[in-house]
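Here's what TrEMBL has on this protein:
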TRANSMEM  C:5-25  transmembrane segment
DOMAIN    C:28-179  domain 'Sodium/calcium exchanger membrane region'
TRANSMEM  C:31-48  transmembrane segment
TRANSMEM  C:60-80  transmembrane segment
TRANSMEM  C:86-110  transmembrane segment
TRANSMEM  C:130-147  transmembrane segment
TRANSMEM  C:159-180  transmembrane segment
TRANSMEM  C:201-220  transmembrane segment
DOMAIN    C:206-345  domain 'Sodium/calcium exchanger membrane region'
TRANSMEM  C:240-262  transmembrane segment
TRANSMEM  C:274-297  transmembrane segment
TRANSMEM  C:303-324  transmembrane segment
TRANSMEM  C:331-350  transmembrane segment
């Protein structure tokens, strides 16, 4: 069903995006068209990546998922960086972390929990992820922030570059750990839920779709970021709110849908992997890559978030870790995560 | 034994309170009389609530305990709010959280631990409570604080009202979870410690006592809050210290006693439920209700604590969660909690 | 092998230190000679303490290890305090905490993990230590810091003295708990790794070596602290960087080596005990003793770290607790700790 809607959205959305941007339609209409089209294209990119991953086998497949999983987010952010919208990029990174942990995690646990009294997932993965979340969000993001109070901008950027390089190395090491040296070491009885997987598309078709969708996403993203200022003015939204809530939801909508569907099918390992794995990808791969890419642009980006952004991410991590540390979820834990998301949404709206 | 002392304290204390306040006795004497009488009355309210809870069955009983358990605290705070003493109210909320987690928890673990080498309690409850503590104290209180630096007072109040409404909804959802949808789901072998309970008083008698004691508490609380300023001057105590340490101990004395008795009887589930359950009630029900009630008074109260108060609560939560996460206590863990309480007491005294 | 190198270093290093200081060699050369000699002497002090501990039996032995384990650190710090270098002392305490948790812990887990796929250690100890780390580093150090913003210097010092006294009491209580009341209570199957231990040296020889090495360390430490300023100027290092990274590594080098060797022999209980036990000793014994000792010097030391130092320690504790809470380590967890150490090192270098 989603597939047909997405197909429809692309067939309508891509031409509308082109025409609208040429004819200078009102920013809010363009913003809506762009967002909807990107969501639909992201859905196709996800399916193409999935097909390629199955064809390529678990190791290369895991690598593909780990690098292309947040391609849309990455593309939008690069265009925003190029346009000098650093605070929007930081806000949308924040929003991705909050959205994945609290909104996706929350909806998955809540909706899954309405159907099943208790849902279990691999507790070893939960602990492995907890360590990485603390490293990637708490240590690696709080640290440059605290030091930035005492460093000048150049030193602060140097620290950010170091942190970024170390994060990318650790991210690659985590893939090595998970896909090679410790593959299958921490498997529990609940883990045989994947079953036989067959690729939806052939390798050639998947590559073609991935390429076309990426070009389209890039084209539309470039237009999208230039609507932010005007949309903010018209709707009374701050740039931070657009970044934290709107861009983050648009950039991750496809994944959100899959996670919730998986939870509803009681495949909690997959749902948790999407929610937390995607957060780690954002924090340990997308964010550092953006810092390094920004070195080539006029305005370089340090990993220095605003205090509300940073605290929101840290709180989301602590809440998620506390709730998932027992490898067991229920509707109430989902509701708790959603409650935190609403509080944060209100806070950023008021900001 | 406690019952007789309380009976005695009420028979003496209530008339003395009335006479003393009419005759304008020195503030410190009045303060002592009021405090002692409230402690005794709170003991009776607790017994009445307990009797009603047993008569009403576990679900309604749980609800009764959950709403009337901190009635005294609520009543004192409402009168303090009415008198414009917002900082005292925030301080006494802080003090209740610290007192329940560190003092009650600490004394229970320590005294219980002197008698038993290891005491166990339901680890599922511990984890459920850990999630709620992180939500209620860390997420829901830190968040308005951090945002308040960037918001004006009206926006800050709006955020507090939102947070309050969401907390009350989540509190009700937690009751639904615990008393209805997941009642008995997370029971472990150690949990059969309640045994057969018979109500001490009949429904009618309990209701009458509850009503009378509530009226008396309300009357005396109203007098009590007006002694704070003078008592502070006379004894050299700041209003914050009175709120954090004195009001919190008075408002929770009856519960403190029961928790320690339960720990001494090796009924750790009950002791932990009182210490942590009461904290959650304060943070997720009493505090938000006070924010909403304050909207009808001259001075509205935002959920913006002073930084030392906030940090003290957050630290208390982290320490409690770390120590209780294994479902196992001993005297040393109790001593650790008490050591933290003493450090915080000294800090607030010096403030 | 280490023993011979250390022997050699002492035979060469002690005379060189004396001659060099008399002849006023360049500060950087002296700094290197002093550091190398102290590392070698610390190795001998460790072996002497170990021998005495075995002769004295587990209880007194545990006490000996717990008090003399960080004697070098203590001696260097007392001379630095006497020289008024309070910020260097605070930095080196920070560095010891970071070095033990992240560098020693990280290297142990990483190198041990290259040889063994999974290494296990006593989970009860891990939890006991987690509680103490949260108490000693997070509660007891964050608290004076936050309050110091609102207190004057004298009040701040009073709070530090109270915190110090309480920490020492709790440290002694922890020894009582571990060595007396709960000795052997929390033993798991993996714990029989110590085997029969025989003392390397007789009691008399061990005492003599301990005494001589202590005198030599004291003499050289006194010289060492006076080279800091000039070394900093020459090499472009801040005093904080010298304290956090250099002094901490020199003061703990001998322990570092043992921990890593133990991990390589798959004796993870010992390795973890050295890394985390040593951190607790620093935070709960060395730091408070230094505060109390400083009362007799011209400049008293409050337990008020700089914000980067404090945050670095808190982050290190959260990361360590999250990674060790499952009683199970691997190379990737080690690498994560090392990555955090590198980030912090870069930060303090830039500061």
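Yeah, the Cβs are placed from backbone N, Cα and C, and that goes for glycine too.
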Among C:60-80, C:86-110, C:274-297, C:303-324, stretch most in contact with the transmembrane segment (C:130-147) (C-beta, under 8 angstroms): C:303-324
Among C:31-48, C:86-110, C:201-220, C:240-262, stretch most in contact with the transmembrane segment (C:274-297) (C-beta, under 8 angstroms): C:86-110
Region pair the transmembrane segment (C:31-48) / the transmembrane segment (C:303-324), three or more CB pairs under 8 Å: no
Interface check, the transmembrane segment (C:5-25) with the transmembrane segment (C:86-110), three or more C-beta pairs under 8 A: no
Recorded stretch that, among C:60-80, C:201-220, C:240-262, has the most CB pairs under 8 Å to the transmembrane segment (C:159-180): C:60-80
Best-contacting stretch, by C-beta pairs under 8 Å, relative to the transmembrane segment (C:240-262) and drawn from C:60-80, C:86-110, C:201-220: C:86-110
Other parts of the chain folded back onto the transmembrane segment (C:303-324), taken as Cβ under 8 Å at six or more residues beyond its ends: 87, 90-91, 93-94, 97-98, 101-102, 105, 109, 121, 126, 129-130, 133-134, 137-138, 140-142, 144-145, 148, 156, 160, 163-164, 240, 244, 272, 276, 287-288, 291, 333, 336-337, 340, 344, 347-348, 351
The transmembrane segment (C:331-350) and the transmembrane segment (C:86-110) contact flag, 3+ Cβ pairs under 8 angstroms: yes
Cβ-Cβ under 8 Å with the transmembrane segment (C:60-80): same-chain residues at least 6 beyond its ends: 38, 41-42, 45-46, 49-50, 52-54, 88-89, 92-93, 96, 171, 175, 178-179, 210, 214, 217-218, 221-222, 224-225, 228, 247, 250-252, 254-255, 277-278, 281-282, 285-286, 289-290, 293
Residue counts (helix, strand, coil, in that order) that DSSP gives for the domain 'Sodium/calcium exchanger membrane region' (C:206-345): 114 helix, 2 strand, 24 coil
